[in-house]
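As recorded in Swiss-Prot, the features of this protein are as follows:
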TRANSMEM  7-24  transmembrane segment
TRANSMEM  28-50  transmembrane segment
TRANSMEM  70-87  transmembrane segment
TRANSMEM  91-113  transmembrane segment
TRANSMEM  120-142  transmembrane segment
TRANSMEM  152-174  transmembrane segment
TRANSMEM  181-203  transmembrane segment
TRANSMEM  209-231  transmembrane segment
TRANSMEM  261-283  transmembrane segment
TRANSMEM  316-338  transmembrane segment
Amino acid sequence: MLFIKKYSVGILFTAVLAVISGFISNLIPYRLIGAGVFALLIGMFLNPIVSKYTVLNKGLNFTSKKILRLAIILMGITLSFSQVLEVGKYSLIVMVFTLITAFGGGYLLGKLFKMDWKLSGLISAGTGICGGSAIAAISPVIDAEDSDIAYAISATFIFDVIMVILFPIAGKYFNMTDLGYGLWAGTAVNDTSSVVAAGYAFSDVAGNFSVIVKLTRTLSIVPVVLIFSYINERLIRKTKNENFKGNESTYHKDKINISKIFPWFILLFLVMVAIKSTGIIPNTISHFISKLSKFLMVMSLGAIGLKTNFKSLAKSGFAPAVHGFIISLLVVVVSFLVQMTLGQV
C-alpha cells in the first residue's frame with residue numbers, strides 16, 4: 001500500500017501520457033514520428049506545470065529508471081539469433097563499419113566540440129544502433145542526465161525525418177536493388193518507425209529486408225552497453241583518485257569489480273532473445289510482449305520529458321545538434337560506400 005501511495009500517481013500520469021502520444025503518432029502516415037518522441041516533447045512542454053506537484057516525483061523517477069529497464073528487457077522478444085544468420089555476412093560487415101563510424105567519429109567530434117562524453121556517446125549510440133531505444137538502454141549505465149537523454153533523442157529524430165524523405169529519392173537516383181536499398185536503410189536510418197517508412201517507400205521487398213537488418217543491428221546494444229558501463233566506472237574512479245591525490249589511504253588501486261558494474265538487465269534482455277530464438281513462445285504472446293515493451297518505453301520517455309525543461313537543454317548549446325547531424329551523415333555515406341565496395345548496392 002505504501003508503494004502504491006508513493007508511486008502510483010506518477011506512474012499513472014506517464015501511462016496516460018503514453019496513451020495520448022500513441023494516439024497522436026497513429027494519426028501520422030507510417031507513424032513517421034514515434035510515440036516516444038511525442039511523449040518526450042509533450043512531457044518537456046508540461047514540465048513547468050508538473051514540476052510544481054511533488055506527489056508525482058517518486059512515480060516519475062521510478063518510471064524513468066526501473067520501468068525503462070523493464071522495457072529494454074522485454075524488447076528482446078522482438079529479436080532472434082536466426083535473424084543474424086538471415087541478413088548474411090555482408091550485412092554484418094556493413095554494420096561493423098557504421099558502428100565504428102558512429103562511435104569513432106562521435107568521440108572525435110565530441111572532443112572537437114568540447115562536449116560532455118556522456119551526451120556525445122548517447123548521440124553516437126542513437127545514430128549507430130537504433131535511435132531512442134539505444135539511448136534509453138545506455139543512459140542508466142552511465143548515469144546520464146535527463147536533459148542529455150532528451151537532447152540525444154531529439155537530435156537523432158530530426159535527422160531521421162530528413163532521411164525518411166530523402167532516402168527513397170536517393171535509392172531511385174542510384175538505381176539501387178531492393179536488397180541493396182533495404183540494407184542501406186536498415187544500417188543508416190535510426191529509429192525503427194523511420195526504417196519502416198523509408199524502406200517501404202522504396203518497395204515491399206526493401207521494406208521487409210530493412211526491418212530485419214534494423215532488428216539485427218539492435219543486438220549491438222549488448223556489447224555497447226557493457227563497454228559504456230566499464231568506461232563510466234573507470235572515469236568515476238579516475239575522478240576520485242584525482243580528488244584524493246596525495247592521500248594513499250583513499251586512493252583506489254583495486255581492480256574494477258565487473259559483477260558490481262555489470263548491467264544485469266542486459267543479461268535478461270539476452271535471455272528474452274534466446275527464448276524468442278527457440279520458437280517456444282506463440283506469436284500472439286511475443287506480439288503482446290513486444291507491444292507492452294514499446295508502451296513501457298513510451299512511458300519512460302514521457303517521464304524523462306516531464307523531468308526535463310527546455311532551459312536545461314539550452315545549456316548544452318547548438319554543438320550537440322551539429323554533432324548528431326555530422327555523425328548521421330557519416331553513417332549514411334559509409335554504409336553506402338561499403339556496400340559499393342562489396343557490390344551490394
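Including glycine, each Cβ sits where the backbone N, Cα and C put it.
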Looking at 70-87, 91-113, 120-142, which one has the highest count of Cβ pairs under 8 angstroms to the transmembrane segment (316-338)? 91-113
Sequence gap of 6 or more, Cβ distance under 8 Å, 3 or more pairs: do the transmembrane segment (261-283) and the transmembrane segment (7-24) meet that? no
Which residues of the chain, 6 or more past the ends of the transmembrane segment (120-142), have a CB below 8 A from one of its CBs? 34, 36-37, 65, 68-69, 71-72, 75, 98-99, 101-103, 105-107, 109-110, 113, 148-149, 151-153, 155-157, 159-160, 190-192, 194, 214, 217-218, 220-221, 224-225, 228-229, 231-232, 261, 263, 265-266, 297, 300-301, 320, 323-324, 327-328, 331
Using a Cβ-Cβ cut-off of under 8 Å, list the residues of the same chain that are 6+ residues beyond the ends of the transmembrane segment (70-87) and lie near it. 133, 136-137, 183, 209, 212-213, 215-216, 218-219, 221, 265-266, 268-277, 281, 286, 289-290, 292-294, 296-297, 299-300
